[in-house]
Each structure stands twice: as C-alpha cells, then as structure tokens.
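Straight from TrEMBL, the features:
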type	residues	note
ACT_SITE	103	active site, nucleophile
ACT_SITE	107	active site, proton donor
DOMAIN	16-217	domain 'GH16'
CARBOHYD	111	N-linked glycosylation site
SIGNAL	1-24	signal peptide
C-alpha cells in the first residue's frame, strides 16, 4: 500500500474510532505505580511531579490488543531542561535480562526557557527499539492542553496531536520488519529526570532551583479490544474496532 493510501486509511480510522471513544477517568482507569507522593489523581485530572527526590508514574488498569487511546496533556513550562514526560503503551517486562516486551512511545524532552521541546517517538518489538523519530512541535506544548493519541491496529501504528497525524509505522512484516501484534499492552505515563542525555545531548542539566516540575493531564479516553488471554491474538485481529 502506498504511503498516501496508508495515511488516508489512518485518517479515516481516527475519525471513525473517535465516535466510539469511552470517556474514562484517571480515578477509575489509572493507578499510581511509583513516586506516589508525586502523583495526584482527582477524577478526570492527573498531575505528575518531578523533584530532586522522585519522579512519578501511572499505569492503566486495562490490558488490550489493538485500539485507540488518548489523553490531554499540558507539559512542564519554562525551564524544563532534561525533564522527560512520557506517555506510552507497553506489554510487561519480564526482566531486564529477559526483555521481550513491545512498546509504542511518546516522549517529551524538555528544554531551557525559550527553546522548543523535542517530541520523541519509538516502537519496540520483542524488546528491540531502534525505530526512533523526533519532531519539533509546531505549537507551545506548555501553554495549554493538547490531545495526544496512539492508534494501534494489525496494519499500522500512528501518532497524532490534536487530530493531526504526524507519524505512521506500517506493518511490513512481509519485508522482514517486526511488528507488535501478539502481546497485550497497558497505558502508562511518567515524569523523570534524564540530564545525562535528554537536553542537548546531556550538555544542559536540570536546574533544580525551578522545581517542582509538574505535568498536568485531562480526559483519558480509549476504544480498545480487551485482552482476555491468548485467544485474543485471533479475536482482536478480526475485532471490528468500529462497532
């Protein structure tokens, strides 16, 4: 399928699936998994805080194979150098030594005041990434909430912001490129410090005089095929996401 056809299919999929989004809440569909003192859930709102002592992370309560997840995020403003905010879906890690997980990433790499964030995307299959692509935003990620969407089907993965698709990863297994399609995933988000690499290659460190660094969230929604066991590998491949 040509790239233009893939993008057209992706756009149609987004429009159709949006009608079936389930309005969830962080309160009912997310739990704090580390840095609990820096994780505040209040109904359909979430705040994750980074300070010198800890970052924070949340995890979804659903396991699924294929679907559409989205949330609105307002990122850390001003001097956010080396502050990394992530939003991704991932299968479980068995261990660092036996890493066969699948993962689809949004990572937002902070910068010094006046410099733009970097939007970092990646996809892991069987524990192997090396599919990074980075983008500069066309708007200020910190001045207001923006809607970030991950769409995952047997045919493609796509990333979009406010309905604008900016990356598509097509399933081309027939050309020897692995694609995630057999492991259940769960939604995660986190905030943490990575001043060894995240800002200008690690040259700019986090300025802790500006702590706390807070990322704010609204309106988690999803339309997904629930994971019920290995039978889901077949069921979700033929699942009609649009019904």
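Glycine is no exception: its Cβ is also placed from the backbone N, Cα and C atoms.
All features noted in TrEMBL, drawn onto the structure.
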{"residue": "103", "record": "active site, nucleophile", "Cβ within 10 Å": "19"}
{"residue": "107", "record": "active site, proton donor", "Cβ within 10 Å": "20"}
{"residue": "111", "record": "N-linked glycosylation site", "Cβ within 10 Å": "18"}
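The separation of residue 103 (active site, nucleophile) from residue 111 (N-linked glycosylation site), Cα to Cα, is 25 Å.
Computed over the domain 'GH16' (16-217), the whole-number mean pLDDT of the model equals 91.
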